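A short worksheet on the structure shown next.
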Amino acid sequence: QFFVFCHGLLQLSQLLVSGYLKSSISTIERRYGLSSQTSGLLASFNEVGNTLLIVFISYFGSRVHRPRFIGCGAILVSLAGFLMSLPHFITGPYEYDQSVASMFSNTTDLCQPSIPGSRANLSDAGCTPHAARENHEVLLVMFIAQALLGIGGVPIQPFGISYIDDFASERNSPLYLGILFSVTVIGPGVAFMLGSAMLRFYVDIDKVTGDEVQLTNKDPRWVGAWWLGFLVAASLVALSAVPYFFFPREMPKEGKGAGRDFPVVLLRNLRHPVYLLVVLAQVNLSAMVAGLATFMGKFLERQFSLTASLANMIIGAVNIPGAMVGIVVGGAILKRFQMSLRQCSAMCVLGMFLCLLVAFPLLFLGCPTQKVAGVTYRESSEFEHYASECNLQCSCPEKAYNPICGSNAIEYISPCSAGCRVVNINTDNNSVLNYTNCSCISENGLAGFAKPGTCGTGCSHLFLPFVVLSCLAGILASTSHTPSFMLILRSIQPEDKSFAVGIQFMLLRVLAWMPGPVLYGSAIDTTCILWEKKCDRKAACRYYDNNLFRQRYLGLQFFFEVGAF
């Protein structure tokens, strides 16, 4: 029982490390200027190390000191967690365009007609060879950490499960494994809640004092303390690793020589139509979940103008518990009605069909991108002429990004692009109150004013229906989880069972978990309408076409749901 307790704790903290990355992915994109394709690849990179080794490890399981192996794996995972936070400590403080000269920079992004030609330095300051190299180092460190995370995670689950199954009584074994399984489902939820808590702190909380930070967490330039969660999670893993070095080896029952007939068993399983079809359905579902887990937060942030912290809170407190409810309900129905295999498959089909019905309206719940001058919005030819004139004498830096919302409900990329000449400061906390004397924002022929921050998509009324429907779709889809497992376990020869499950997980990894996030990330990148430029390369996306983003992101999800059905 102590082993089960330790293993539950270890699995929870391991999932905290891997799930936390997904919760802070949109923040890391913004901090280091990554496209969604890159961040999707990063998120799925731990599966690479994992997949390469999982077959060997499952095969050698009976010949090694399992607890010690689990302990070593856990130490690797903990190391990976600490490595993930390293980029924060090797790079300088986060820099963003400001309207108020501060100790970091004396340039501002207001309209300053007096000095022509002196403004170029704002945009190119961050483009030394050193900065470019720094960015490569960051990516390299993170990819290595993700690979280590995958490798370290390899022995944890298979060895733990087989160890428990070998030494627990026949009667208790299912209970123990059930406990562990529920932990693996709770884990990501806890990770998103941790993300929600950490991203409320400013990223450089250790490098600058509170009064120097002029951003609030509602600001589109806000970057939360993404690295803090990795330190917390990695420390937890390190602590949970300790007991494993003190568990006995206890000679396991001799396993049968599985090596000789490896290819025979593989072919026998892959030729089994039920096995193959169920695994393919699970591949579709897993691909959907992979995209959902990696980019759902980003989607909520953009579509409904939420903070990263709130988006994580919704996923961790609503969507993931919903999926747990679905899994439990599916298992309960299965047990209550003692279903035959045909009834199991009927239940899977019904669950997916209902899921499709609920998920379809989601494609239409959303709003277009807010009006952004010069990006999504050009009023008329006369306006076009006026808009290009109104900030000509300002000589605005191209790359400035400090969105403001004009009194005409149009968003401008920076105070300079709106021709604002005056900034009013709240003296108590150094924050910007508003911008006035803006030549591009005309109201009744007078220069208008603007507030700091984005105008938002004005979509908040659709947020609740969206969350309810997506949660419901998740519950319905996950009711098919347990019956589909039963289909596999009962339709296959008993002696092939563990091997069949191993192959199943490998196929899920190779066909869904690895390519899934990259596919979703690439689809999201195609909907970007304004890229941030760093050293003449595309960095993070500033504005998406929200309608396209929704259609492609949720459309891809719907496509996989149809595939599973």
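The backbone N, Cα and C atoms fix where each Cβ goes, and this holds for glycine too.
Automated prediction, rather than curation, is the source of TrEMBL annotations.
These come from TrEMBL:
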DOMAIN    1-565  domain 'Major facilitator superfamily (MFS) profile'
DOMAIN    384-439  domain 'Kazal-like'
TRANSMEM  41-62  transmembrane segment
TRANSMEM  69-90  transmembrane segment
TRANSMEM  138-163  transmembrane segment
TRANSMEM  175-203  transmembrane segment
TRANSMEM  223-247  transmembrane segment
TRANSMEM  274-293  transmembrane segment
TRANSMEM  313-334  transmembrane segment
TRANSMEM  346-366  transmembrane segment
Residue numbers, six or more beyond the limits of the transmembrane segment (175-203), whose CB comes under 8 Å of its CB atoms: 4, 7-8, 11-12, 14-16, 18-20, 22-24, 27, 31, 88, 94, 160-161, 164-165, 168, 213, 215, 217, 222-229, 232-233, 293, 297, 307-310, 312-313, 315-317, 320-321, 323-324, 327
Tally of residues which DSSP labels helix, strand or coil - the domain 'Kazal-like' (384-439): 10 helix, 21 strand, 25 coil
Mean of the pLDDT scores, which run from 0 to 100, over the domain 'Major facilitator superfamily (MFS) profile' (1-565): 83
